[in-house]
Amino acid sequence: MIQTGEEDEEKATSLEVEFASGNGVDDEEELRLQWATVERLPTFKRVTTALLARDEVSGKGRVIDVTRLEGAERRLLIEMLVKQIEDDNLRLLRKIRKRIDKVGIELPTVEVRFNNLSVEAECQVIHGKPIPTLWNTIKGLLSEFICSKKETKIGILKGVSGIVRPGRMTLLLGPPGCGKTTLLQALSGKFSDSVKVGGEVCYNGCSLSEFIPEKTSSYISQNDLHIPELSVRETLDFSACCQGIGSRMEIMKEISRMEKLQEIIPDPAVDAYMKATSVEGLKNNLQTDYILKILGLDICADTRVGDATRPGISGGEKRRLTTGELVVGPATTLFMDEISNGLDSSTTFQIVSCLQQLAHIAEATILISLLQPAPETFELFDDVILMGEGKIIYHAPRADICRFFEEFGFKCPERKGVADFLQEIMSKKDQEQYWCHRDKPYSYISVDSFINKFKESNLGLLLKEELSKPFNKSQTRKDGLCYKKYSLGKWEMLKACSRREFLLMKRNSFIYLFKSALLVFNALVTMTVFLQVGATTDSLHGNYLMGSLFTALFRLLADGLPELTLTISRLGVFCKQKDLYFYPAWAYAIPSIILKIPLSVLDSFIWTLLTYYVIGYSPEVKRFFLQFLILSTFNLSCVSMFRAIAAIFRTIIASTITGAISILVLSLFGGFVIPKSSMPAWLGWGFWLSPLSYAEIGLTANEFFSPRWSKVISSKTTAGEQMLDIRGLNFGRHSYWTAFGALVGFVLFFNALYVLALTYQNNPQRSRAIISHEKYSRPIEEDFKPCPKITSRAKTGKIILPFKPLTVTFQNVQYYIETPQGKTRQLLSDITGALKPGVLTSLMGVSGAGKTTLLDVLSGRKTRGIIKGEIKVGGYPKVQETFARVSGYCEQFDIHSPNITVEESLKYSAWLRLPYNIDSKTKNELVKEVLETVELDDIKDSVVGLPGISGLSIEQRKRLTIAVELVANPSIIFMDEPTTGLDARAAAIVMRAVKNVAETGRTVVCTIHQPSIDIFETFDELILMKNGGQLVYYGPPGQNSSKVIEYFESFSGLPKIQKNCNPATWILDITSKSAEEKLGIDFSQSYKDSTLYKQNKMVVEQLSSASLGSEALRFPSQFSQTAWVQLKACLWKQHYSYWRNPSHNITRIVFILLDSTLCGLLFWQKAEDINNQQDLISIFGSMYTLVVFPGMNNCAAVINFIAAERNVFYRERFARMYSSWAYSFSQVLIEVPYSLLQSLLCTIIVYPTIGYHMSVYKMFWSLYSIFCSLLIFNYSGMLMVALTPNIHMAVTLRSSFFSMLNLFAGFVIPKQKIPKWWIWMYYLSPTSWVLEGLLSSQYGDVDKEILVFGEKKRVSAFLEDYFGYKHESLAVVAFVLIAYPIIVATLFAFFMSKLSFQKK
């Protein structure tokens, strides 16, 4: 709580002369003399110069330049100012305010008014279930051309009005879906293009169009979006640098000038702090150190943020980082959305206390929405805005809110948090329990009734009167509002973004090294395949040289693919920071362009250096460098193209298919697959739009106009010119520089497109809401009918399935990890306790105490580190394989398959995890009961969706996570923060359900951060931990928490708990690190010395002994269901995941249609007229195009899909839901019908357009070959995901894989010419078998004579001599083509079962 009065003012003087020793006159004189040296400096120098504490060597205070503070100096200064956050932060702010007031300077303030504010969103009305299936999407696309879609509007905010005042803290409360987030976004000026906004929002009487609201205020989102490679400090430093200092420097100059005039000597430490935080553009800012301290992030300041696949900070720390990222800036108007998610109540209280101090002392304007504020936290607020159904019910002082509802007959119970009461009073199901007039009948009071009553009340009338008066602009400083978009100058913004980009490249250096290593491997293979093919200058070897040049270009084209996924992975953070005006798009784009140039140049140089002389190109050194120049420029254009595609399309699916289409178009029109002279005249323009064409022109001109190709063949035509004529690439000797200029133009064009897309392209929005016609047509009145009392067995837990009660005991558990510096860090220290059947245990502690770590160790989820100690289940050592069968784990982060419904998620869990002898009817009844218990039955048909994009809200996902585990009927349930992200009412519902589960005799343990009094006293036992993973208390809380209160109040010096204080908040507060230091108590050691510890140890030892007649936990099989049932269940889920993922499948269908159509047009009827070898090679090129490019696209699409589902797979595999083989083969089988559809479409389009021979036999061979090819590419993509830790590595591996398949397909260089030491790679390459099947089946039996390199030959003989294809070998080809998918699919299943890249 905030301290006031003289006592605090006396404490406030303790730091004033800390740089001097003693309190005598000499010290005062020394201070004056040292300050005089600062005062003599020019104004600019004076505001960046301060006095720091005396150093130990000279014994004197030091004059320092605050722009050059080292890390140690910054930490020393912050430690001196804010040693204990609870007291020192208030003291610091008061000193700053006192200094400002002393010279008579007024701080800028902002008042935010909103009047009749309305927000509406468009919603699509459909018939049937509102589920986006493949068929629904196709129907929707067709209906757009036939008739308009039926749409309606949903009101999110409905004419709300109010005032958020400076100097006051306002709390925003309301149930989920009431419009809190929308209100916060609207007030901060974040209007989405997809919504319609009415009414007005004003800051200090100015409308949002008159200034820059995004810079004046800060909206802190409930989504934690950060760059995982950066550390916490680096994230805050970058944010502080980009947000600038606002008006701090002007205020500092004014203060300095006035103090000099009035001869005032400020507190040196405060002066140093104010000056250091007023300097713009610093790489490392003192404000960062201050925010790290205030938010408790100093302990993880140098830890990388991390993500789902990379270790990093905890969820609570990420939430605080999101807050700190914006609070570190100069804005004092803060709109904060659910900032306490994942935080313990003590940490939340501390943070909100600091914000309250900022509001009261610095006159900041702060509006915060919280889900479950503890009573102590609730008391910190001055005003409350209570919302319901998109309307404001109450907007007035906090102190009057209980009295307002008492007028309606509703009273908050004595041991009930007011915030919890306010959230539940809106609920039709919970309102009656607060009715206090037992002598009068209760009837449901609607939201509108509350609103009307408030408007008629004195509070409502007062608010209306204030809103009717115009704001007096003359009362505030103009610099309270921001009129500049960007805080930094252009050069400073570019420097900041460049520093960050360079750092990220260093952090991702392994990806770049891996990419270069694969390039070296491809180059080594290529140069040995084409070994000295250029030694002979004839048409045949010239053709091989063309193939080697195409191979180089194709490899460097694919080399740009990883840039696409890397760019997309950063777009989320970029969009957030661009919207906040951290920097313009060009400042972000230029460093990412320029710093990648050396990588492209290096890769191209490596390729040229390794291959040029070994393959046998023209030996002149000049031509070596000219080839390198073209290759590096081409590679740059490709990287730039993929970067631009990512910036334009923004999503991984849309960008991937566009990238694949780009590769297809570039290759088809590039002049190698089909010569320009063979293209239809009306499509010839495509050749000039492809960078690959210019690269081909430049490379071939460089080679075939060289002296060794200058031998005249006939009619003054040289050998080189003849080769170029055959390929349609003869554009003269000077075409090299034309091609080079064109490639430079492409580089500039694509990079300009990238910058423009980042600048003007709208950010990805949440998917449009879909509502069923039935729900839309339902009368509105039905929503306001009071709910009947629920008497179903769902609320009483009547369905009890058989299970074995189990006790988990753990003694002296320790856990160690190795830090990046190679040191060992202990996270758990000698934890002893027991989890008992029928007992609901809470695991509590401040953020970072090790709660989740202990839960992970006990449940067996840790994949790294060293675990010591003894863990037993039922008196026997824990065996993870069997333990996983009887335990459930609710993760902190809600990981679910996005394309199945809520009810299907539960059915899937019950199907695979309940014993096989439980019939389907019972399972379905249990699913229904659990849905009702956690109140998900109303949305059971809703698709889960992707977090932040579509589907369920955060709190609905949390309830789904719990429901999925409850329906599995485990004996032991571990729950990691089951109430995080839920409002007070939803948390109460969930914990009521959990309590019911525990009362059936199951063992349940939950980590919990912000329990209300009701929830805290629901638990039967408490395990309390402190920082360092040490045990502080283990035992029952007692009636009304009496036992835990009695234990801690027995320590002398501890403050007694106040009346109506939440015991959970109190014990977390008194056992914090700062409280221990203040009291001089080590609660961990005190617990070990206590009688309670000895009693607990005896109990644990008794429970650790197996009872007579018992036996260790074992099952007849590893999984609950048979392998066949597992496969069926997984296939059922995969079916819905694919069917309801139209973007995944429509893009693949669209690509095959486009590829087939382009091939049909470019090779129109060419299969009927074969007269020479080039005609046949061109037809072979069409087959190559139909095999390689759709396969590449399918491979890319499946990589995205499998990578997205892998975290779900890890969760389900840990729960022993199924064998990895069952999951893998279900994934394999579901691809079959979709690949068959693609093959049919391709065959139907291509066969008649290209003019292949119309026979059932040959058509079947084409269909069969393409079908097997697609399966091979699909399963290869799955295998790449199984082999790599993240999608970036998988895409990099894909690029190398494509290059190898392209090289050994038999098209670029035929089988007969491949050196014997590489021929095994030809037979290993699936594309070679597919192409052999296609070409041999079509022409292997054709005896027509054609002209081959000047002589006549039968087609079948040419195929055998040139390509090595025999019609008689088709039986072998057929066998290999079906064997390949089976082998690759088996490898995928094997590696999915053996490899895990999840780090815990």
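Don't overthink the numbers, they just go from 1 along the chain as shown.
Yeah, the Cβs are placed from backbone N, Cα and C, and that goes for glycine too.
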Where Swiss-Prot places N-linked glycosylation site when the choices are ASN899, ASN1145: ASN899
Range annotated as transmembrane segment in Swiss-Prot, from 351-371, 1317-1337: 1317-1337
Where Swiss-Prot places N-linked glycosylation site when the choices are ASN116, ASN635: ASN116
N-linked glycosylation site per Swiss-Prot (candidates: ASN1040, ASN1274): ASN1040
Remote residues contacting the transmembrane segment (510-530) - C-beta distance under 8 A, at least 6 residues beyond either end: 544-545, 547-548, 551-552, 555, 559, 562, 566, 599, 602-603, 606-607, 610-611, 614-616, 1288-1289, 1292-1293, 1295-1296, 1299-1300, 1303-1304, 1309, 1314-1315, 1317-1318, 1321
ASN116 (N-linked glycosylation site) - helix vs strand vs coil (DSSP): strand
Rounded Cα-Cα span from ASN1040 (N-linked glycosylation site) to GLY845 (ATP 2 binding site), Å: 19
Positions whose Cβ lies under 8 angstroms from the transmembrane segment (1263-1283), at least six residues beyond its ends: 1186-1187, 1190-1192, 1194-1199, 1202-1203, 1206, 1224, 1227-1228, 1231-1232, 1235-1236, 1238-1240, 1242-1243, 1290, 1293-1294, 1297, 1326-1327, 1330, 1333-1334, 1337, 1374, 1377-1378, 1380-1381, 1384-1385, 1387-1388, 1391-1392, 1395
Among GLY174, GLY177, which are binding-site residues, the residue with the most C-beta atoms within 10 angstroms of its C-beta: GLY174
ASN116, SER847 as recorded positions, winner by CB count within 10 A: SER847
Near-site residues: ATP 2, ref GLY845, VAL846, SER847, GLY848, ALA849, GLY850, LYS851, THR852, CB cutoff 8 A to centroid: SER314, ASP344, THR853, MET1025, ASN1027
Rounded inter-Cα distance in Å - CYS178 (ATP 1 binding site), VAL846 (ATP 2 binding site): 30
DSSP three-state assignment for GLY845 (ATP 2 binding site): strand
By Cα-Cα distance, the member of recorded positions ASN116, ALA849, GLY850 nearest PRO176 (ATP 1 binding site): ASN116
Proximity verdict for the domain 'ABC transmembrane type-2 1' (492-704) and the domain 'ABC transporter 1' (141-414), three or more C-beta pairs under 8 Å: yes
Cβ-based isolation winner (fewest other Cβ atoms within 10 Å) among the binding-site residues LYS180, LYS851: LYS180
Residues close to ATP 1 site centre defined by GLY174, PRO175, PRO176, GLY177, CYS178, GLY179, LYS180, THR181, Cβ within 8 Å: MET387, GLY388
Spatially closest candidate among GLY174, LYS851, ASN1040, the listed recorded positions, to ASN472 (N-linked glycosylation site) (Cα to Cα): GLY174
